[in-house]
C-alpha cells in the first residue's frame with residue numbers, strides 16, 4: 001500500500017507540474033506579455049552595456065574608459081537591444097519613443113503602460129546589476145562616501161546630472177531638442193516611403209545615430225533623451241544610499257568675499273580686521289570646496 005500511495009502521489013505531482021507549465025507557456029504566448037518581456041530584456045541589455053562603460057570611465061579613469069567609449073557602448077548597446085527584441089516589440093527601449101509611437105497612431109495606447117513598465121524594470125535591474133558588479137570599486141573610489149558632486153562623486157555612473165555651466169531650464173530645452181532630433185532621425189531610418197536603411201541594417205544604423213548624437217550634442221545635459229534610461233537608475237541610487245540629493249540640481253557655492261555667517265535664517269557680516277590689528281583668536285574662514293558638476297554621460 002505504501003508503494004501504491006507513493007506512485008499515486010508522484011503521478012499527481014507530475015500532472016500538477018505539467019498543468020502549471022502549460023499555463024505558463026500559454027501566458028508567455030500572449031502578445032502583450034511577450035512585448036513586455038521584450039522591452040524588459042532589450043532595455044536591460046542596453047543599460048548594462050551603457051552603465052558599465054560609465055563605471056569604467058569614472059572609476060578607472062583614462063586607463064579603462066573615455067567619453068568616446070561611453071558613446072560607443074550606449075550606441076552598440078542599442079544595436080544589440082534591437083536584435084534582442086526588434087521583431088517582437090520593436091525594441092523601443094525609450095518611453096519617449098513609445099509615447100510618440102502611440103501619439104501618431106502607430107500603436108494602441110493600451111500598450112503604452114506595458115512597454116514603459118518593461119523598460120523601467122529593465123533599466124532598474126541594469127542599475128542593480130552594475131552596482132553589484134562594481135560595488136567594491138565604487139566603495140574604494142568614493143572612500144565609502146556615496147556623493148552626487150565632488151571629485152569622488154559616483155552618482156553620475158547611473159543617471160545624468162547638469163554640469164556647472166547649465167541651469168535647469170536650459171537643460172530641459174537641451175533634452176527636448178536632442179530627443180526631437182532622435183525621433184526625427186528614427187523616422188527617417190525606418191520610413192519605407194522615403195529612403196530607409198537597408199533591410200537588416202536598421203539596428204546598426206540606429207546604434208551609429210546614438211553615437212553621433214552623443215559625440216555632437218551630449219556635453220550640456222548628458223543626452224539621456226529617455227525617461228526609461230534616467231529615472232529608474234536615479235531611483236535606485238536614492239534607495240542604495242546616495243540620498244535625496246540625486247533629485248536636486250547641484251549649484252555653485254556663493255562667493256565669500258565679505259565672510260558671511262548664516263544662523264537662524266539671519267545673515268550677519270563679520271567685522272573686517274585691519275592688517276595692523278593683531279588678535280590672539282583671529283577668525284579662520286575655511287575655503288569652501290567648489291561643487292564639480294558631474295560629467296555628462298550617456299542615452300537612447
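Cβ atoms here come from the backbone N, Cα and C positions, even for glycine.
Looking up the ranges 13-35, 36-58 in TrEMBL, the one annotated as transmembrane segment turns out to be 36-58. With a threshold of 8 Å between CB atoms, the same-chain residues lying at least 6 positions outside the transmembrane segment (201-219) that come near it are 67-68, 70-72, 74-80, 82-83, 86, 163, 174, 177-178, 181-182, 185-186, 189-190, 225, 296-300. With a cut-off of 8 Å on Cβ pairs spaced 6 or more residues apart, the transmembrane segment (64-85) and the transmembrane segment (114-135) reach fewer than 3 such pairs and are scored as not touching. Panel annotation: around the transmembrane segment (114-135), residues 32, 35-44, 46-48, 51-52, 55, 59, 89, 92-95, 98, 157-158, 228-229, 231-233, 235-237, 240 of the same chain, lying at least six beyond its termini, place a Cβ under 8 Å from a Cβ of the stretch.
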